[in-house]
Amino acid sequence: MGNCWCRFEPLNHRVSANAKSESPKEQSPTVEDKHIKEVQKLPSNPKEVEDLRRDSAANPLIAFTYEELKNITSNFRQDRVLGGGGFGSVYKGFIKEDLGDQEVPEPLPVAVKVHDGDNSFQGHREWLAEVIFLGQLSHPNLVKLIGYCCEDNHRVLIYEYMARGSVENNLFSRVLLPLSWAIRMKIAFGAAKGLAFLHEAKKPVIYRDFKTSNILLDMDYNAKLSDFGLAKDGPVGDKSHVSTRIMGTYGYAAPEYIMTGHLTPGSDVYSFGVVLLELLTGRKSLDKSRPTREQNLIDWALPLLKEKKKVLNIVDPKMNCEYPVKAVQKAAMLAYHCLNRNPKARPLMRDIVDSLEPLQATEEEALLVPPVQKAVITIIDEMPKNGLKKVEELKKVEEVKKVIEDAC
């Protein structure tokens with residue numbers, strides 16, 4: 001969706017390097033039997049998929065034919081490709097006809113995610129998970145699934161189009177303008193609300209693959225969670241966790257999940273802490289291009305998050321000191337608590353939402369000219385149109401330096 005689909009990782013890249021292998025020899029007959037039953041239970045033809053979706057869906061999803069998708073994407077033209085990965089490709093398309101009861105007065109842009117002939121159990125399960133979860137759940141901070149296609153060997157998902165793409169592309173881009181502090185906190189707030197909604201749903205859901213490439217942005221930088229292929233039903237009743245295959249993305253996955261396969265809402269909280277730290281520093285969770293001791297963001301930054309003065313040294317320099325210092329310190333402490341190695345000591349997502357709310361800028365504040373830029377504009381306006389003498393120019397330069405120092 002938008003530029004959002006530019007970095008989808010193949011399934012084998014999602015598994016942590018420290019994950020325990022799951023060879024058949026290590027699996028007990030009970031687990032194998034359960035696996036076989038799961039395969040047998042999974043709906044595989046269009047009617048079974050539609051029946052299952054209709055029985056559990058809160059959102060009216062549309063079952064598209066493959067021929068309709070060819071029309072929507074101009075026959076999957078190459079210049080419509082938005083991105084791709086291990087699952088296949090994503091195309092930009094336009095729906096020109098009414099969608100059931102919904103009128104389409106003008107072409108509606110959509111993102112069409114085509115699974116590349118992966119009809120394995122895992123590939124079909126991830127595709128189906130998105131249909132089920134996004135069919136059941138509706139929230140402003142979850143990407144909207146419009147429909148799907150389950151025809152012959154084709155497995156396709158149709159989403160709302162997210163104009164600004166992924167947080168990953170915006171945060172780490174060398175071409176796009178740097179994200180302001182206000183926008184970064186808006187993104188964190190929106191993503192936190194999405195996770196909190198999942199954790200507090202009637203049937204709790206653990207997202208399991210929270211990372212910057214899975215957070216999408218609309219034109220107003222509203223954040224929405226996408227890609228529910230690895231999402232899992234959360235623990236219910238007196239259960240503290242669910243046991244599952246170790247999947248996710250290295251650098252974001254919680255350490256206890258990597259070690260044991262025990263998945264809890266706290267696993268998502270840890271991943272949120274990683275993303276919040278990326279927003280603070282402008283650095284990737286893992287970056288082999290940096291000096292050895294700085295390649296792992298958590299190892300490098302975690303000891304500094306509690307230090308009110310030192311933490312300012314790791315803030316993204318692309319923001320040019322244009323941020324409220326106290327808010328940065330509060331966000332850093334929040335990230336520190338999310339990254340606690342003890343999952344029981346991490347905050348709940350609802351508490352994280354409450355902590356981020358006071359850090360949100362008003363619409364008016366977000367539109368204000370940053371103090372350094374404002375000072376420079378003022379100085380330039382005061383300059384005589386016929387120019388300045390050299391000594392006066394130097395004086396103005398010193399004034400600008402002083403303003404920058406004060407702002408930082």
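In case you wondered, yes, glycine gets a Cβ from its N, Cα and C as well.
Taken from Swiss-Prot, the feature active site, proton acceptor covers Asp209. According to Swiss-Prot, the feature ATP binding site maps to Leu82, Gly83, Gly84, Gly85, Gly86, Phe87, Gly88, Ser89, Val90, Lys113. Here Swiss-Prot flags 18-30 as compositional bias 'Polar residues'. Summarising the annotation, Swiss-Prot assigns compositional bias 'Basic and acidic residues' to 31-40. Per Swiss-Prot, domain 'Protein kinase' is recorded for 76-360, and the stated evidence type is sequence analysis. Among the features that Swiss-Prot reports, N-myristoyl glycine is placed at Gly2, with the record citing similarity to another entry. Per Swiss-Prot, the feature S-palmitoyl cysteine maps to Cys4; the stated evidence is similarity to another entry. Marked as phosphothreonine by Swiss-Prot: Thr65, Thr244, Thr249. Residues or ranges marked as phosphotyrosine by Swiss-Prot: Tyr159, Tyr257. Annotated phosphoserine per Swiss-Prot: Ser213, Ser243, in sequence order. If you look up Swiss-Prot, you'll see 17-50 marked as region 'Disordered'.
A map of Swiss-Prot features onto the structure.
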| residue | record | Cβ within 10 Å |
| --- | --- | --- |
| Leu82 | ATP binding site | 21 |
| Gly84 | ATP binding site | 17 |
| Gly88 | ATP binding site | 18 |
| Val90 | ATP binding site | 25 |
| Tyr159 | phosphotyrosine | 25 |
| Asp209 | active site, proton acceptor | 23 |
| Ser213 | phosphoserine | 24 |
| Thr244 | phosphothreonine | 15 |
| Thr249 | phosphothreonine | 22 |
| Tyr257 | phosphotyrosine | 26 |
Alpha-carbon spacing, Gly84 (ATP binding site) to Tyr159 (phosphotyrosine), which is rounded to whole Å: 15
Cα within 10 Å of Tyr257 (phosphotyrosine) - qualifying recorded positions among Val90, Ser213, Thr244, Thr249: Thr244
Average pLDDT across the domain 'Protein kinase' (76-360), rounded to a whole number: 90
Thr65 (phosphothreonine) CB neighbourhood, other CB atoms within 10 A: 12
When distances run from the Cα of Val90 (ATP binding site) to each of the modified residues Thr65, Tyr159, Ser213, Thr244, the nearest one: Tyr159
Three-state secondary structure, Val90 (ATP binding site) (per DSSP): strand
